[in-house]
Amino acid sequence: MNEGFFKRVRTAVAILVSLLLAFIIISLVSKSPLRTMGLFLFGPLKNVRYLGNVIELTIPLIFAGLSTAILFQANLFNLGAEGIFYFSGLTAAFVAILVPIANPFLHVSAAIAAGAVMGMIVALVPGYLRAKWNASELVSSLMMNSILAGVGLYLLNNFIRDKDLTEIASLKLAPSALLPRIIPRTRIHLGLVICLCFVVGVYLFSRRHRIGYLLRMFGFNHRFVEYSGVSSFSMIIIAHLLAGFIAGVGGSVEVLGMYDRFRWASLPGLGFDGALVAMLARNKPLPVLGSALFLAYIRTGADIMARQADVPAEMVSIVQAVIILLISADRFLHGLEERRILKKALA
């Protein structure tokens, strides 16, 4: 059993333990635990609409997971995808509302490009602070999230808010800027194709491109990269720019694909989800697809369970928390790992 296989086993065991704990809680609090468990596990498979909900939620999780995985690969613990998603989505909404472009392809492209550039600019702030002054990118990115939420709400309220609505929402996005739906009876949009292209693109970049290789090596041992003639400054900046670009596209795609107005009055919560997706995928691009799909599936199952049974959807938070704790715990299954190493050494 090699190290990669052991890590996959540890992730699988963490998921199984968390689901087992969820089932125990359901059996304790539900009046009909078997029916409730069935809704949680198989509810998303009941019809096309529920399956569509899973895919719709998977799309932003893939973008958030890829963005975070790029940084985690470089051993940079930045949770700024949260604010980038929000502010890039708002930027795309500004272009969709205020920039008149008749051609749908050009309008969508302009809105997504604006969101991507904004994502890179936002990500550059904690990246530069880390590269120049060794400031913690975790702290600075979390602070940036709060700043972006406040600035974004101000811009929304004062420039593009629809005053005729009681809720906080923008004017309607131009129809030419909206991503088309691609599967009938669902809200699955062209963003699915875009995010799948990003999964393949990030994989090829990470495995086949020189900079992708250097970023991974920088995460393993930054001194090795420095001795090879590449500065840490450039690696940190490049990692943040790439992560900001991916998250910026993700925020733009989510707004243009799922809404007819910009409706985020607060941060959407996708940045922390991206960290969970990246952890489940072990920071590898292709497994991000599976981990995002898994998280979207259990959340959709929890929503169905909450509507049709007597257990709240917040129970899925317990599942997520246990997964994070077990995956991040160095001592989890440590005895099995020690036996593996000893057996290999004596062979």
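Glycine is no exception: its Cβ is also placed from the backbone N, Cα and C atoms.
As annotated by TrEMBL, transmembrane segment applies to 12-30 (among others).
For 50-72 (among others), the entry in TrEMBL reads transmembrane segment.
The transmembrane segment annotation in TrEMBL covers 84-102 (among others).
Feature annotation from TrEMBL assigns transmembrane segment to 108-129 (among others).
What TrEMBL records for 138-156 (among others) is transmembrane segment. When Cβ-Cβ distances below 8 Å are used as the criterion, the transmembrane segment (138-156) is approached by residues 77-80, 82-84, 86-87, 90, 94, 122, 125-126, 129-130, 168, 170, 262, 264-267, 271 of the same chain, each at least six residues removed from its ends.
Taken from TrEMBL, the feature transmembrane segment covers 188-206 (among others).
Annotation source TrEMBL lists transmembrane segment at 227-250 (among others). Within the same chain, residues 59-60, 62-64, 66-68, 70-71, 73-74, 76, 78, 80-81, 84-85, 88, 91, 112, 115-124, 126-128, 130-132, 137, 194-195, 198, 202, 211, 214-215, 218, 270-271, 274 sit at least 6 positions outside the transmembrane segment (227-250) and bring their C-beta atoms closer than 8 Å to a C-beta of that stretch.
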Tertiary contacts of the transmembrane segment (84-102), as residues 6+ beyond its ends and Cβ separation under 8 Å: 60, 63-64, 67, 110-112, 114-116, 118-119, 122-123, 145, 148-149, 151-152, 155-156, 159-160, 170-174, 176-178, 244, 247-252, 254-256, 261-262, 264, 267-268, 270-271
Tertiary contacts of the transmembrane segment (50-72) (same chain, 6+ residues out, Cβ under 8 Å): 43-44, 78-79, 81, 84-85, 137, 183, 185-189, 191-192, 195-196, 198-199, 202, 215, 219, 239-240, 242-244, 246-247, 249-251, 253-254, 257-258, 268, 270-271, 273-275, 277-279, 281, 283-285, 288-289, 291-293, 295-297, 299-300, 303-304
